[in-house]
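*Asks:* Quick one: this structure, given as structure tokens, is what I'll be asking you about.
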Amino acid sequence: MDVPARLGIAPVARYERRCLSCSLEVYRQDEGGANGGLVRDERRCGVKQASLSPRAWAELSLLALIWGGSFLAIRTALDEIGPLTSVLHRTFWAMLVLWAVVLLRRQPLPRGLRIWGAFWVMGLLNNVLPFSLMAWGQLHIATGLTSIFNAATAIFGVLVAAAVFADERLSLRRGLGVALGFAGVATAIGLDTLTQIDIRSLAQLAVLAGTLSYACAGAWARVHLRGVPPLVAAAGMLTASTLMMGPLAVLVEGPPSLDLSLRSWAAIGYYAVLATALAYLLYYRVLAMAGSGNLLLVTLLIPPVAITLGALLRDEALAPQAYTGFALLALGLLVLDGRIFARGAKRV
């Protein structure tokens, strides 16, 4: 998972470019300076990884455990509710929690058609499409495999940024990382699945389409949500997503039933409140403590957690090719991150 993309984190006002290898804005404003007033802030670049304290390791691992467990929780809820209804629950309850936090922190409320229009597009790209596609996909493929494909968001993010932004060229290092990532995805899918069309192959393509939507959401946020406090942006995005998902879920799957088992409510509470709303707050604690360059470790730890939980609690067994594919994908992410070949990466 590309964490910033999934959360819909927008660049703050004073930053105009991001280092894609560490997913953080590293260019600061220098009025009257060269390069259009932009100067690289080396102190903020995640290529030089900060060392992690035991507490940072603990919170980073906790974040990976929470998000890794969300795949199992979603699959558990899908035993009793439809995929669109599961998404509606996710956006609705998370929205309530985040607005409560916004009010408690006395953050400014968003006003105006422009900003709410941006929230609607962001909600579509970052919640409605990927959540729905991945939830449907999980009905037909293992939770661990879903988590592996989800980790490809960063790979798609590099390609989308290169296509949309003139200052995000596809360098040799990035190209190598993308190639390794796609090789990993293709390996995880398997040659037999690539050469035939059935419900399982369609489910895998749906999950991958969801990761592409996450990547597009990241690009949209960079352009249209710059300067909006991230917590407010997330709450607004989830509000728009809920307003879209409500009619859609009712139309396709019928009115949501509240007469669910305790097991399903626990799963919904987990992935909506803990893994969506509260994990968002924990994400910023980890960001401040560990630095964005180390947040890639969360992306790499999520699939092993999801695979292990799926095997222990749902008796899922992945094919050997899935593990090989994840290894290639992880290698590609490390190349993109700059942990590999970092000495030769003087420019990002």
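One-based numbering along the chain as shown.
Placement of Cβ uses the backbone N, Cα and C atoms for every residue, glycine included.
According to TrEMBL, the domain 'EamA' annotation covers 62-187, 204-335. Feature annotation from TrEMBL assigns transmembrane segment to 87-104, 116-136, 148-166, 178-197, 203-223, 230-252, 264-283, 295-313, 325-342.
So that I understand the layout, could you describe where these features sit and how close they are to other parts?
*Replies:* Tertiary neighbourhood of the transmembrane segment (87-104): same-chain residues 77, 81, 123, 127-128, 131-132, 135, 231-232, 234-235, 238-239, 241-242, 245-246, 249, 256, 268-269, 271-273, 276-278, 280-281, selected by CB-CB distance under 8 Å and a gap of 6+ residues from either end.
Through the fold, the transmembrane segment (116-136) approaches residues 5-6, 8, 74, 78, 83-84, 86-87, 90-91, 110, 146, 150, 203, 206-207, 209-211, 213-214, 216-217, 220-221, 224-225, 233, 236-241, 244-245, 248 of its own chain, all at least 6 residues removed from its boundaries and within a Cβ separation under 8 Å.
Counting only same-chain residues 6+ beyond the ends of the transmembrane segment (230-252), those with a CB under 8 A from a CB of the stretch are 7-10, 82, 84-85, 87-88, 91-92, 94-95, 98-99, 101-102, 105, 107-110, 115-116, 119-120, 122-124, 126-128, 131-132, 221, 276, 280, 284.
Here the transmembrane segment (295-313) has long-range neighbours at 1-3, 22-23, 60-61, 63-65, 67-69, 71-72, 75, 142-144, 146-148, 150-151, 154, 283, 286-287, 326, 330, 333-334, 337, 339, meaning same-chain residues at least 6 beyond its ends whose C-beta is under 8 angstroms from one of its own.
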*Asks:* Please compute the mean pLDDT of the model over the domain 'EamA' (62-187).
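*Replies:* Residues in the domain 'EamA' (62-187) carry a mean pLDDT of 94 in this prediction.
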